[in-house]
Amino acid sequence: MSSFSVTEPSKGQKWFAGIVVVVYALVTLMPLVWIIATGFKSPADAIAYPPKIVYEPTLEGYVNLFTTRTRMTPEALEEIGPPQTWYDRIVRRYDMVISGPSRYGERFLNSIIIGFGSTFLSIFLGTLAAYAFSRYRVPLKDDLMFFILSTRMMPPIAVAIPIFLMFRQLGLSDTHLGMILLYTAVNLSLSVWLLKGFIDEIPIEYEEAALIDGYTRFQAFYKVVLPQATTGIASTAIFCLIFSWNEYAFAVLLTSGTAQTAPPFIPTIIGVGKDWPAVAAGTTLFLVPVMVFTILLRKHLLRGITFGAVRK
Amino acid sequence: MTDDTKGRNPAAAPLALGRKVRGLSDRALAWVFIAPTIFLLLAINIFPLIWTVWLSLTNYRANRLNAEVKWVGLRNYERILTDPDIWYSMQATAHFLIWTLVLQVLIGFGLAYLINRKFKGNDLWTTIIVLPMMLSPAVVGNFWTFLYQPQIGLFNYVIAFFTGADPASFSMIGDVNLAPWAIVIVDTWMWTPFVMLICLAGLRSIPDSIYEAAECDRASAWRQFWTITIPMALPFLMLAVLFRGIENFKMFDLVVQLTGGGPGSITELTSINLKREAFEKWRTGFASAYAVILFVTVFGLASIYVKALNKVKER
């Protein structure tokens, strides 16, 4: 053990650490790979025992995800004639025809609208507030910052009751605007704290120089600080977007139709027929964008997670 | 913005005057910048909270709009604190909280320690490990019900493969004894990476020079670990515990989709129990009192913990 060194790990140590971490990572990955794979199985393959690792991939799950279908008698099918498209052919195998689109597309679109809307708003408001907190002498600054942070400790269900009543009163129940405002309020605490950290890191001398050059405060903010803070703003935006994208508790309590997002909808796909491939397909489409994002932007994201934690 | 109307002519405005004008408008600008945020937080966080407190003192029911609302004082609180079902939920939450924290801290710290050995490709594997925590907890809970299916589920199959048990003989979410562990397993799978990342930040913040000094003194690896690594990483570790603790005390989405509180009410954590009272039984006043109690508990525990954390940091 005398050769042990923390600062310069030996080859053996590196190998050992590497193998353990890689094995853990592969185990972690297994459920995700499995769910993606299930999306391309036929319903029979999805519930096969032993679980099928090799199977014939099919887009049935995806077709079922996006359509509603009705079963028809052989005579009625005869009348309609042969299937026209590849997706018709898939459902025809079960004596069914496609009767219309499912709700999944709408719900997915709602997730996009509400996600991006609330992200934009929380970044916009958050940047302004963070700038003011970072650069000005604001009375009761520490108390206000703590107040902003403390709003995050509230269990969503605890405030859901009055928000439910308030939204009902204001006509915001089940509307995009209501959900955007709500998610913005939830995200603001994070965005103000993170952005304040990023803006604090920009040397104040830049602005002072700009002010001496005759810029107004607002121009200095707009033309000097904002461009410097782009990276920080972008990574904060991703956090806000991921939160809104993933949120379930408020969505399930406050929306039911027009503004319902995907997370409360996906569990309902299963239906009575236990259509696991369709659930897996819906899950895959919903989760994969986040995974791709995470891998592409890993540097900023990982920094943001620890940064948000460590700064406080 | 108020500044825009004032002169944009640097040569004409003497610096001293400029400062004065800016000083005045600075304050206005600061408030213009901060006000919308504060307003939104007041409207969507604080106002509802006050409303909750008020509702908790009444017998209001949100599904009966025309019923008379009666002031009942602290009776709701009294009923909650003497309700065995609610105490049961608290116990279920405590079990969930304690075990997820223990497992996540042990595994998370262990992984961070290993990743800090800086083997080749460690950042790629870190990213892969982090993936689950980026996903939607409700959707994750939902697809784990598939993995937990007796016989056909991947989880049961893997367990059966290693233990030789019959994969159809146990149901993680249907069995009274297994369900509390089913939720602990999924939460640990999902959130260990969070603890790991914070620990990693902690380990990386320890200056190499301290270890080098210890090596010069021939301190054993074991001793270095307990006298340098652990104490220096402890504030970070405690911070990770704080965040996970708060989150898991509030736990709703993952578990509601995974077990729905079942079987029976074995995994009915307080948030799920609260949701039942508020939005299924529509006992709004009662549920509001419940919400207040939960909020005060989280806030109280978190404040005590933060005090302890600050003491550790000062050392």
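Every residue, even glycine, has its Cβ placed from backbone N, Cα and C.
Source: prediction; values computed, not measured.
These features come from TrEMBL:
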type     : residues  : note
TRANSMEM : B:28-51   : transmembrane segment
DOMAIN   : B:90-305  : domain 'ABC transmembrane type-1'
TRANSMEM : B:96-115  : transmembrane segment
TRANSMEM : B:127-147 : transmembrane segment
TRANSMEM : B:178-203 : transmembrane segment
TRANSMEM : B:224-246 : transmembrane segment
TRANSMEM : B:287-306 : transmembrane segment
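Contacts between the transmembrane segment (B:178-203) and the transmembrane segment (B:96-115): present, as 3 or more C-beta pairs lie under 8 angstroms, all at sequence separation of six or more. When the stretches B:28-51, B:96-115, B:127-147, B:287-306 are ranked by Cβ pairs under 8 Å to the transmembrane segment (B:224-246), first place goes to B:96-115.
Outside the transmembrane segment (B:96-115) by six or more residues, the chain places 122, 125-126, 129, 180-181, 183-184, 187-188, 191-200, 202-203, 229, 233, 237, 240-241, 244-245, 248-249, 251, 255, 267, 269 with a CB less than 8 A from a CB of the stretch. Outside the transmembrane segment (B:127-147), and at least 6 residues removed from its termini, the chain residues within Cβ reach (under 8 Å) are 111, 153-155, 173, 182, 186, 189-194, 196-197, 253-258.
When Cβ-Cβ distances below 8 Å are used as the criterion, the transmembrane segment (B:287-306) is approached by residues 49, 52-53, 55-57, 60, 76-77, 80-81, 86, 238, 241-242, 245-246, 249-250, 270-271, 273-274, 277-278 of the same chain, each at least six residues removed from its ends.
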